[in-house]
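Q: Got a structure for you, written out below as structure tokens; questions coming shortly.
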6 protein chains.
Amino acid sequence: MLNRFFNNAVPMNGFACKPPQSVTPNDFTFSGLNKPGDTANPAGFKVTLVTVDQIPGLNTQGLSMGRLDFGPGGVNAPHIHPRASEMLIVMEGSLEVGFVTTLPETKLITKVLQAGEAFVFPQALTHYQRNVGKGPAVAISALDSQNPGTQRVVAAVLGSNPKLPVEVVAKALQADNNVAAQLLSKFK
Amino acid sequence: MLNRFFNNAVPMNGFACKPPQSVTPNDFTFSGLNKPGDTANPAGFKVTLVTVDQIPGLNTQGLSMGRLDFGPGGVNAPHIHPRASEMLIVMEGSLEVGFVTTLPETKLITKVLQAGEAFVFPQALTHYQRNVGKGPAVAISALDSQNPGTQRVVAAVLGSNPKLPVEVVAKALQADNNVAAQLLSKFK
Amino acid sequence: MLNRFFNNAVPMNGFACKPPQSVTPNDFTFSGLNKPGDTANPAGFKVTLVTVDQIPGLNTQGLSMGRLDFGPGGVNAPHIHPRASEMLIVMEGSLEVGFVTTLPETKLITKVLQAGEAFVFPQALTHYQRNVGKGPAVAISALDSQNPGTQRVVAAVLGSNPKLPVEVVAKALQADNNVAAQLLSKFK
Amino acid sequence: MLNRFFNNAVPMNGFACKPPQSVTPNDFTFSGLNKPGDTANPAGFKVTLVTVDQIPGLNTQGLSMGRLDFGPGGVNAPHIHPRASEMLIVMEGSLEVGFVTTLPETKLITKVLQAGEAFVFPQALTHYQRNVGKGPAVAISALDSQNPGTQRVVAAVLGSNPKLPVEVVAKALQADNNVAAQLLSKFK
Amino acid sequence: MLNRFFNNAVPMNGFACKPPQSVTPNDFTFSGLNKPGDTANPAGFKVTLVTVDQIPGLNTQGLSMGRLDFGPGGVNAPHIHPRASEMLIVMEGSLEVGFVTTLPETKLITKVLQAGEAFVFPQALTHYQRNVGKGPAVAISALDSQNPGTQRVVAAVLGSNPKLPVEVVAKALQADNNVAAQLLSKFK
Amino acid sequence: MLNRFFNNAVPMNGFACKPPQSVTPNDFTFSGLNKPGDTANPAGFKVTLVTVDQIPGLNTQGLSMGRLDFGPGGVNAPHIHPRASEMLIVMEGSLEVGFVTTLPETKLITKVLQAGEAFVFPQALTHYQRNVGKGPAVAISALDSQNPGTQRVVAAVLGSNPKLPVEVVAKALQADNNVAAQLLSKFK
């Protein structure tokens with residue numbers, strides 16, 4: 001953030017804040033979003049998020065952006081951003097996107113997007129994207145927080161460190177303890 | 001909300017807003033939180049939330065509260081409130097509580113609380129409670145939104161309407177499609 | 001607050017902020033709210049507030065809670081929370097509650113609540129509670145600020161340090177200076 | 001508020017919102033603040049507040065202003081603005097101003113201001129002003145809400161409609177019921 | 001916005017708000033951002049903004065996005081967004097970008113960005129972009145408001161309707177009235 | 001800001017925050033606004049802004065104020081406050097005021113104000129004031145930020161340090177490069 005009142009870099013909102021005399025263009029820049037993310041992983045998906053961590057000048061500006069790369073069949077598994085809404089534009093390929101509403105409806109709102117189509121994921125609701133085209137898919141997303149955070153909801157239940165109690169997981173899955181234990185043990 | 005400038009009930013923030021001349025104490029009241037919730041269900045858990053839906057006077061006030069009842073072994077399965085942080089006080093019994101942090105840690109912060117102990121669940125992070133005592137357990141919770149919303153994260157993945165694609169669920173579970181299909185088909 | 005970007009405990013919003021790797025459950029916990037507050041005082045009332053002061057993990061979460069204990073006839077004298085709305089649930093006994101609206105109505109909205117009844121006090125308006133039952137009364141309250149503050153409005157007028165000028169107090173009371181002086185001198 | 005998306009005057013934040021094509025300068029104007037307020041009243045004080053009620057264009061802008069007139073010895077009795085901080089500049093005369101901090105200090109911060117001096121009253125804290133000069137005093141104040149509200153704290157305790165219970169008032173005053181009853185009965 | 005409490009489409013924040021039962025994916029979608037904007041105009045520039053006007057589901061979500069197209073030498077002339085910060089990613093070509101800080105520095109922070117580079121324009125500061133490559137340039141931008149607004153600052157001074165007084169424009173330009181009058185008369 | 005939880009002056013929102021025990025009235029005071037600003041400059045205008053820089057107690061209070069002095073014909077050239085709305089009261093003389101709306105209208109809303117008249121400039125929109133009386137003019141303004149910032153929009157285009165590219169300025173002016181270069185070279 002620009003603040004002419006600081007003589008030194010003091011914490012503002014937890015991050016250092018430079019006086020305007022000493023800010024440089026690099027404090028507001030990030031490079032490399034033209035490179036495809038490496039999708040050679042089990043999910044077939046890679047995200048590059050640019051937050052206040054990468055661009056100090058985002059401090060107090062309430063924004064971040066990201067690049068999402070999907071191999072064929074790649075999935076950005078259901079997740080939330082606890083401190084942000086998200087909006088996404090498909091740049092290349094064909095993405096199925098969806099989010100789920102709160103109780104009592106738990107309604108799935110889903111759509112297949114082609115390049116040039118935008119979609120909104122309301123604040124902190126579970127959402128996903130999947131490449132349903134034959135080639136790679138790429139999207140650019142925007143989030144209304146400089147520090148949105150990400151939580152994959154199944155990983156939060158099956159893959160936390162340490163693990164959740166098997167009985168809690170079983171009730172969540174509406175399954176018995178054996179099923180829950182097996183899923184828990186296999187999840188990395 | 002109280003606003004002396006309205007001659008009629010006009011929407012303020014989406015909800016009707018009375019002029020102060022015509023508000024009554026009942027606009028600020030809700031009854032019945034002394035009655036134990038019915039925990040005779042598979043989860044062994046029942047929540048009674050009091051939001052702007054139940055108390056019109058909560059409009060614009062940024063708050064809601066709830067009563068949580070747990071039978072022995074009862075579980076409030078992992079869930080999020082997309083628009084709120086939560087704080088909870090155990091009134092009776094013994095509750096194990098926990099929340100999971102965001103990526104990359106996905107760390108479980110958990111504790112067993114006795115009556116009189118309070119705990120905080122940060123905004124929109126997946127959290128759960130479980131009765132680990134022999135009798136019933138009761139808690140009072142507070143949320144910093146008049147309309148916090150609730151989403152059970154496993155239900156969002158396995159129990160949405162319509163269902164998520166099996167391939168998406170399988171990738172989320174790090175399981176094969178058969179396992180995902182079976183969990184999806186059994187989840188109500 | 002959880003923020004993975006900090007390597008050390010740096011101030012965030014004025015309070016130290018730990019990196020998620022080093023947070024512990026105790027950063028989110030407070031104990032002792034099951035013990036009745038000591039109401040053997042002139043007001044017959046005791047409050048135990050749990051704010052960011054008591055629970056570091058409340059930082060940035062916009063919430064606090066409290067336990068209110070009333071002996072028979074005990075009164076939580078008219079006060080405001082300058083930075084919060086409040087919602088309250090009566091857990092035991094019978095409480096008369098009320099708040100006063102702004103000018104020009106200065107209308108008292110009041111109600112006698114039994115156990116299990118909830119009530120809302122809008123942001124920063126003068127409000128009070130009084131035990132009108134024969135035994136003790138207990139309530140749990142929630143406030144939508146991590147640092148709500150409390151100001152007893154009569155104490156602000158009669159009991160500040162140093163004291164307000166007697167002429168100001170007299171005008172406020174619509175009384176003469178002698179009455180004001182006497183009230184000022186007796187107020188501790 | 002200006003919003004080009006509305007074809008008609010629809011409520012925005014509870015107030016009508018015109019499309020920019022039809023706004024006029026008068027939607028942003030208020031007249032008459034050059035006229036001294038009439039201070040021929042027991043308080044020797046008169047305030048003229050200009051809020052969203054007087055200027056529709058203040059809607060969503062988070063501001064209001066006022067003119068304060070004091071006769072010699074005039075007092076703006078201790079009061080709060082539940083939804084605003086206040087800043088004041090003395091235009092003429094000599095004003096003693098003060099505010100009281102929250103518990104546990106209940107500290108009075110006070111100062112005598114001459115023309116050209118500014119002072120800040122933090123959000124929703126009890127504060128007052130008094131003319132300590134020989135002639136009239138005038139101040140201009142600013143508040144950071146389009147609808148700040150005002151509550152005179154002694155009037156909230158002694159002059160509400162209906163009246164507060166005498167026992168509550170007595171405890172607040174640290175006086176006996178007779179004193180409280182007398183003050184209550186005399187307060188208009 | 002999704003809000004389960006509404007039976008009909010009532011205004012929320014000035015825009016209609018559907019109940020979740022009746023929302024459809026189209027309420028969250030916008031199409032056509034893959035088509036290059038028509039840059040055959042004097043500026044050599046075209047922006048396509050997607051705000052709450054285009055996507056009803058953006059209501060209350062605090063976000064909007066846009067596509068910026070530049071012909072060779074095309075310029076997005078200095079402008080502000082009065083209600084938003086902006087972040088931009090260059091998708092194709094080479095853009096010189098810059099913003100100017102507030103008084104007293106009025107410092108230009110500028111950089112030439114290649115495809116894959118991101119840049120931040122702090123809230124409501126004057127900024128511009130220019131295509132400094134030989135071919136077309138394309139960028140995707142994000143703004144942290146559902147209704148950010150845009151004001152070209154030179155057009156606000158030279159091209160308002162009605163026009164600003166020539167003396168005001170002359171003083172702003174540090175030029176004489178003749179120069180100001182000529183610029184005013186030529187500006188469309 | 002007053003915060004009883006700090007034992008030392010630690011940064012809160014980037015500014016030092018004292019514990020209430022050690023705050024003094026001077027932390028909330030600024031002097032000298034009764035002195036006319038020196039308008040013997042080319043603009044015939046002088047502003048004295050009082051922000052958190054001048055009054056530490058404004059920290060977290062969301063407010064600032066200023067005094068505006070105009071010689072005959074003096075102009076406060078078109079400018080924005082990137083982080084604030086503004087409201088103004090004319091104290092003496094006669095001021096023409098105006099602001100310009102966003103695209104696509106770019107409509108000028110203007111009015112001549114006499115002493116005692118108030119006007120609102122919506123958030124971050126370009127606005128100006130001009131003395132259209134024969135004597136001096138004085139106004140008091142309020143802004144809803146403790147750190148509103150000011151940017152003269154023509155100075156941002158013609159007078160930045162370093163200068164904007166001449167081609168960008170020419171396009172903004174809808175003029176050729178020679179005109180732009182001349183204006184740029186003369187602007188100090």
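Just so you know, glycine gets a Cβ as well, placed from its N, Cα and C.
TrEMBL entries are annotated by machine, without manual review.
According to TrEMBL, the oxalate binding site annotation covers B:Asn76, B:His81, B:Glu86. Residues annotated as Mn(2+) binding site in TrEMBL: B:His79, B:His81, B:Glu86, B:His127. For B:31-181, the entry in TrEMBL reads domain 'Cupin type-1'.
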Q: What are the other residues, in sequence order, whose C-beta lies within 8 angstroms of the center of the C-beta atoms of B:Asn76, B:His81, B:Glu86 at the oxalate site?
A: B:Gly66, B:His79, B:Ile80, B:Ala84, B:Leu88, B:Phe121, B:His127, B:Ser141, B:Leu143, B:Pro148, B:Thr150
Q: For B:Asn76 (oxalate binding site) and B:His127 (Mn(2+) binding site), what Cα-Cα distance in Å is obtained after rounding to a whole number?
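A: The separation of the Cα atoms works out to 9 Å.
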Q: How big is the Cα-to-Cα gap, in Å, between B:His81 (oxalate binding site) and B:His127 (Mn(2+) binding site)?
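A: Computed Cα spacing between B:His81 (oxalate binding site) and B:His127 (Mn(2+) binding site) is 9 Å.
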Q: Under 8 Å Cβ to Cβ from B:His79 (Mn(2+) binding site), same chain, six or more residues apart: give me those in sequence order, or none if nothing qualifies.
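A: Counting only residues 6 or more apart in sequence, the Cβ neighbours of B:His79 (Mn(2+) binding site) under 8 Å are B:Thr126, B:His127, B:Tyr128, B:Thr150, B:Gln151, B:Arg152, B:Val153.
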Q: Other than B:His79, B:His81, B:Glu86, B:His127, which residues of the chain come within 8 Å of the Mn(2+) site, judged by Cβ distance to the Cβ centroid of those residues?
A: B:Ile80, B:Ala84, B:Phe99, B:Phe121, B:Ala124, B:Leu125, B:Thr126, B:Thr150
Q: Take the domain 'Cupin type-1' (B:31-181) and average the pLDDT across it for me.
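A: Taking every residue of the domain 'Cupin type-1' (B:31-181) together, the mean pLDDT is 97.
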Q: Under 8 Å between C-beta atoms and at least six apart in sequence, can you list the same-chain neighbours of B:Glu86 (oxalate binding site), or say none if there are none?
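A: Same-chain residues close to B:Glu86 (oxalate binding site) (Cβ under 8 Å, separated by 6 or more) are B:Val120, B:Phe121, B:His127, B:Ser141, B:Ala142, B:Leu143, B:Pro148.
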Q: Under DSSP, is B:His81 (oxalate binding site) helix, strand or coil?
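A: B:His81 (oxalate binding site) sits in coil per DSSP, no helix or strand.
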Q: At a 10 Å cut-off from the C-beta of B:His127 (Mn(2+) binding site), count the other C-beta atoms across all protein chains.
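A: I get 25 for this one.
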